[in-house]
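**Student:** Before anything else, here's the structure in question.
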Amino acid sequence: MALQRRTTLTKYLIEQQRETNNLPADLRLLIEVVARACKAISYHVSKGALGDALGTAGSENVQGEVQKKLDILSNEILLEANEWGGNLAGMASEEMEQFFPIPANYPKGEYLLVFDPLDGSSNIDVNVSIGTIFSVLRCPDGQQPTEQSFLQPGTQQVAAGYAVYGPQTVLVLTTGNGVNCFTLDRELGSWVLTQSDMRIPVETREYAINASNERHWYPPVEQYIGELKAGKDGPRQSDFNMRWIASMVADVHRILNRGGIFMYPADKRTPDKPGKLRLMYEANPMAFIVEQAGGAATNGEKRILDIQPKSLHERVAVFLGSKNEVDRVTRYHLETKK
């Protein structure tokens, strides 16, 4: 029987390094280490109650959110996997108030790693897909990293990705040269390329938003969602379906495959806050991926990747997915501002 030829993550990255010359060896190794950490997180997630990792940890993160046991474990896995390899100058996590400098006894590299170790963790105990989101930046030359070193607009990302821990464990990755999806072969322990050059469909009939917050929405979102809900009898003359998983990685992964728009707008409950999702840990990496797949991502007024971060845990409104839909809801926001 002929041996089936499959492209592993390692093979893919080495080929990219040879063909495009835009993937330095240190960055390739860093991505592989992050991918290995995601495999470890996937293992613990899949153990569920058998691994004694479900439930809350009795603590809160810097966002004031109750931490799950798996939140803390996933954060530790990513820190420990990446601190010693010599590829990083520092790390920042949604679960930590301050950035994590590489310990003095380890060599330092030229990259910064930013991550949400376990996105959608409110779904852990009910066995709904959750995931890890990460972003890689260059540390300014010759600098000992400070918080300011991390505060770069999303256009400066050199790589971004997310893992989804669901029926299959998948890793979606961009290094600025398109988007590819790898599926974890649990028997071999390898990430295998299963989707190349992913493209978000331009036309869509699906949208993702938490409709329970409808009474708090601002007029541009009310107008846009109202048109979708009106269906064939409304101005869009087409029926739309709403999908909401409450796990950003799962919602975005569906949109990447089937098209649609993901929305987490600012609302009237907290008018002093520009949104709920974190610019550095969630919005920027997802915006990079979505744009590389032919989609768009804005905060309702401007391109997410152009936003200059002011703090590590800055929040932002998010509209991302199929370009035509993102452009439309963004236009409604801009018209309201006039």
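Going from the start of the chain as shown, residues are counted 1 onward.
Using the three backbone atoms N, Cα and C, a Cβ is placed for every residue, glycine included.
OK, Swiss-Prot features for this one:
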BINDING   E94, D116, L118  Mg(2+) 1 binding site
BINDING   D116, D119, E282  Mg(2+) 2 binding site
BINDING   D119, G120, S121, S122, N210, K276  substrate binding site
**Student:** Can you tell which of S121, N210 has the least company, meaning the fewest other C-beta atoms within 10 angstroms of its C-beta, among these binding-site residues?
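**Tutor:** Result for the binding-site residues S121, N210: minimum number of other Cβ atoms within 10 Å at N210.
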**Student:** Any idea what the Cα distance is from S122 (substrate binding site) over to D116 (Mg(2+) 1 binding site), rounded to a whole Å?
**Tutor:** 14
**Student:** With the Mg(2+) 2 site defined by D116, D119, E282, which remaining residues of that chain have Cβ atoms positioned within 8 Å of the Cβ centroid?
**Tutor:** E94, F115, G120, G131, T132, I133, Y162, M248, V249, L277, R278, Y281
**Student:** Across all the protein chains here, work out how many other Cβ atoms are within 10 Å of the Cβ of L118 (Mg(2+) 1 binding site).
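**Tutor:** Result for L118 (Mg(2+) 1 binding site): 30 other Cβ atoms within 10 Å.
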**Student:** Give me the Cα-Cα distance between N210 (substrate binding site) and D116 (Mg(2+) 1 binding site), rounded to a whole Å.
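**Tutor:** Pair distance, Cα basis, whole Å: 21 Å.
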**Student:** Rank aside, I only need the closest one: which of the binding-site residues G120, K276, E282 has its C-alpha nearest to that of E94 (Mg(2+) 1 binding site)?
**Tutor:** E282
**Student:** I'd like the Cβ neighbour count for S122 (substrate binding site), meaning other Cβ atoms within 10 Å of its Cβ, all protein chains included.
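**Tutor:** Total other Cβ atoms inside 10 Å, all chains included: 14.
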**Student:** Need one number for the substrate-binding residues D119, G120, S121, S122, N210, K276: the maximum pairwise CA distance in Å, whole number please.
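**Tutor:** Comparing all Cα pairs, the maximum is 16 Å.
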**Student:** With H, G and I counted as helix, E and B as strand and the rest as coil, say where DSSP puts E282 (Mg(2+) 2 binding site).
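**Tutor:** Helix, per DSSP.
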